[in-house]
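*Asks:* From Swiss-Prot, for reference:
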type    : residues                       : note
BINDING : His559, His563, Cys661, His665 : Zn(2+) binding site
Amino acid sequence: MKKTTEIRNIFLNFFYEKKHKIMDSSTLIPDNDKTLLFTNSGMNQFKDIFLGFKKPKYIRVATAQRCIRVGGKHNDLNMIGKTNRHHTFFEMLGNFSFGSYFKSDTIQFAWELLTSKKWFDLSKEKLIVTIYYKDIESYNLWVEKTNINPKNIIFIKDKNNILYNSDNFWTMGDTGPCGPCSEIFYFFGKSINYKNIKIYDEEYIEIWNLVFMQFNLHLNGKLSRLPITSIDTGMGLERISCVLQKVNSNYSIDLFKKLIYEISKIIEIKNIKNYSLRIIADHIRSAIFLIYDGVIPSKEGRGYVLRRIIRRAIFHGNYILNKSCFFYKLVSPAINIMSYIDSKIIKKKKEIENIIKEEEKIFFFSIKKGMIFLNKNLKKIKNNILKGEIAFKLHDTFGFPIDLTNDICIKNKINVDEKGFFHAMNEQKNKSYKNSCFNKFNLKLLNNYCTKFCGYSYLKCESQILNIYNLKEEIKEIKENQEGIIILDKTPFYGESGGQVGDSGEIKSKDGVFSVIDTKKLGNYFYHYGKVIQGILKINNKITAYVNKIKRNKISLNHSSTHLLHYAINCLLDKNIIQKGSLICEKYLSFDFSYGKKINIEKINEIENIINEKIRDNVIIHSNNMDLKNALKIGAKALFKNKYKDLVRVLNIGDFSIELCGGTHANRTGDIGCFVITNFSKISSDTYRIKAITGETAIAFIQKKFNDINTISSLIKSNSNEIVNKIEKITENLKILEKKNKNLKNKIIKNYIKLIFNKIKKINNFEIIMDYFNEEIDKIILREILNKVKTNLKNGIVILASIKKDNLYIVTGVTNNLVNIITAKEIISYFKEIKSIKGGGNSYFAEAVGVVNLIDLKSMFKKIFMILSKNLK
C-alpha cells in the first residue's frame, strides 16, 4: 500500500519528468487577492498570471498546495465529520501550464499518471470522466488520446438552463478567465450501472479536476477567446490517497489513522470511529497551519475563523467526549505526522501550542456557563426552533460560534433560526458602529479612581499601568501580538469626545512596547486600545506614554478651524446657527448645521474667505477653566447643554469666538496656515455638511488643482484665464460633430441596406445574405447594419465582413426561427475551421477577427455557402 507521503511524491516526480518546475506551496493567507480569506485552491498563487497581470517565471509548474475551505464561497466547516470526503484543511496537488500545453497533453498526462503501472496503476474501468456538454473537443481527445471506454464519459449540462452554470464549466468569478473542465471520478463499487451512473453517490469519488482556461467571461455573459490558453488542475491528496489505499473514507487513510489514534490516546477514548474524533482530527490540522501562517485567534476576519475552528473542536472534546483542556496537547503529535508538508513547522511547535492553550483556557470557562444558558432555553423551545436572539447571546456572551450552536441543536433535533441570529448581530453592529474597536472588550467602568489627563500641556509623560484587558476579562499582562486595552493613572492621550478622534502613539515600559491605535474616555478613565508590538507589559509597570505628535498637531489645527467655521457661518448666514455634529480627525474636518434656506457657491466662498482672513490675523487661541454659570454669562456657546459639569473649559479665539470645548487646539490661528472647503452637501431636508482641510494638506490640495489646470490648459492649447470658455466651445463643437456623425452613419446604413437586398441568395426557403466591405468599417456600424438587415428577413442568415490590409472583422446573425437548425456561433466555427481566426458568440449573433486577405475571404464565403446549402436542405 502506498503511503500518503509517497503518493504526494509520485505526483510531483511525474510532473518533474514532464519538465515541470516543482514550486513550494504558498501560505494560507493570499498575498495577491484581497477578495479571499484563505488560499482555497492550487491556482490562487497564480491568479495574476491567469489574469494576464504578471508574466510567468515558468510555463510548466506543479505544486502541493495547502488549502483551507472555511468561510466565503468555499465553506466546508459544517460538512466535517458528516461526510467521508470533506476537510477544512487539505493539500491540493496540481499541474499548471501557462501557454505551454493545452487539452491534449493535459488529458494524456492525467491518464498516464492514473493508469500506468509505473505510477498509480488504477483500473481504467473504474475511472469515470465528466465533461461539459458543449466541449466536444475534449470528448474527442479523451476518446482518441486514451484508451478509456467511451461509455465512461458523461456529458454534464448547465444548471437551470443558465449558460455556463455547470459543474463542468469553471469560472474565476462573474467575469474573467474561465473554461470547460474534465472531472475524473473513481468508482468504488463492483460494476458500473451504465444505465444510471450517479457520480455524486458515495460509491464515486472525484479525484481530479482538469480546467481548460480558454475563454474570458464578460459582464454580458458572452465569452471571448483568451490570447493564451492555460491549464489549472487540482487533485485532493487525501482523496487520491483514499483511492490508492483502497479505503472508503478519507479519515481511514494512513495519515488520519495515525492522527486519530494519537488523539484517542490523549483523550482516552476507545471508539476511534467516533464522529467527534473526525472533527477534532480535521480541526487540529487547520488550526496548526493557520497559526503557522500567521493567523491569531480573534473576534474578526481570519482570526475569528480560526477561533471558530478551535472552539468547535474544544466543544466536541469537552461536551461530547467529556474532556477538559486537551486540544493544545494534540499539537505535538499532529506536527510530527504532518511535518512532511513543511519541515520548518517543527520549530514553531511550542509557539503554536501556547496560542491554542491560551484560546482553550479562555473558552473552557465559557463552555459550562454557555451550556447552562442553552439547556435552560432548550427546555422552553416551541416548534423545535431555537430563537435567533438566543443563538446570538450564546455567540456574543459565551463565545459560541453559530456553527457550534447548530451542532448542539442538531444533536437535540432542534433547528436554529439563523436568519434571526444574523439580524441580532447586524443590530448590534449598527448600535456599536462608533465604538467598534472598544465594544469587543468586556470592560468594567471603574469609579474608585480616575485617570489624570495632562495632554493639553504635554505629549509625553511618565505613568503607571493600572489595568489591562483582553477580549473577555481583566488580565495581569499582555504579550507580543496580543490586542487589548491599557488603563494608566496619568495620560497625555486625548480620549475621543466632542467630535474629535482619540490620540494614537506608544506606551513603553522597560520590557515592552504597546502601540496605541485609539483612545476613548469612559467614566473616569482613559482606555488606550492597541496591540503589543514588542515584548510584554504588566499591571503596575512604570511606563512612558508618547502621543503621535504629527497626528495630534493636524487634529488640533482642524479643531481650531471648526471653531472658525462656526464663527464664519454665524457671521454670514445666521448668528443663531448651532453645530449639529462634527468629525475632527487628522485628515479633514466635517461640520453639520441646520439652515432652512438655500446656500449657493458664492456663500461658501465667502465663508472660506472669512476663515482665511482670521488665519492671517494670527490671533491667540487660549483656554481657561471656569464654572458653567460664569461661562454662559460671558457668552460662551454651549453645544451640549445637558452634558457639562459645573467646572468647564472655555476656549477663546481672539475676541470673536468663545465656546465651551474640551478638545485640543492650535496656539494661534496663524498655525493653521490655510483653510480649504473641499465638499459641501445637504445630508437631510434642513441639514448641511461642510468638509474642509487645513495646513499642509490644504496646500497640497491647491497645488494639485493648479497642476491639473495647467495640464488641461496645455491639452486644449489655451491659457488658464480662458480655459472655461475654451472647454465650453469644445463641448459645443463636439455635440455638433456627434450629431453630424450620427446623421452620416444613418445615411450609410440606409443606403447600404437598400443595395444589400439585391444580393439575397436563396437555399430552399431560406434567405442568405453574404457581403463584405473592402475597407475598415467601424464594428458598431457593421453590427447595426447586420441587425437592421436581419429584422427585414423572415427566414434567413446574414454574414457581413470588413477587410483592410488583411485585417478581417466578420459578423453573422441568424433569425430566431432558424436557431434550431443552425446558430450564428456554429457559422463562425465553420469559418474558424477553414481559416485560423478567433471568435465566438451565441445562437443569434457571433463575430470573429483574424488576418485574412481578400482572395481568401472570397474563397471562405464560397465554402461557407456550400456548407449552408447542405445544412439547410
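Even glycines carry a Cβ here, placed using N, Cα and C.
I'd like to know what surrounds each of these features in this structure.
*Replies:* According to its DSSP assignment, His559 (Zn(2+) binding site) is helical. Within 10 Å of the C-beta of His559 (Zn(2+) binding site) there are 25 other C-beta atoms, taking all protein chains into account.
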*Asks:* When you measure from the Cβ of Cys661 (Zn(2+) binding site), how many other Cβ atoms are you left with inside 10 Å?
*Replies:* 24
*Asks:* For the recorded Zn(2+) site, whose residues are His559, His563, Cys661, His665, find every other residue on that chain with a C-beta no more than 8 angstroms from the centre of their C-beta atoms, and list them by sequence position.
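*Replies:* Here the nearby residues are Ser556, Ser560, Thr562, Ile621, Leu651, Ile653, Glu659, Gly663, Thr664.
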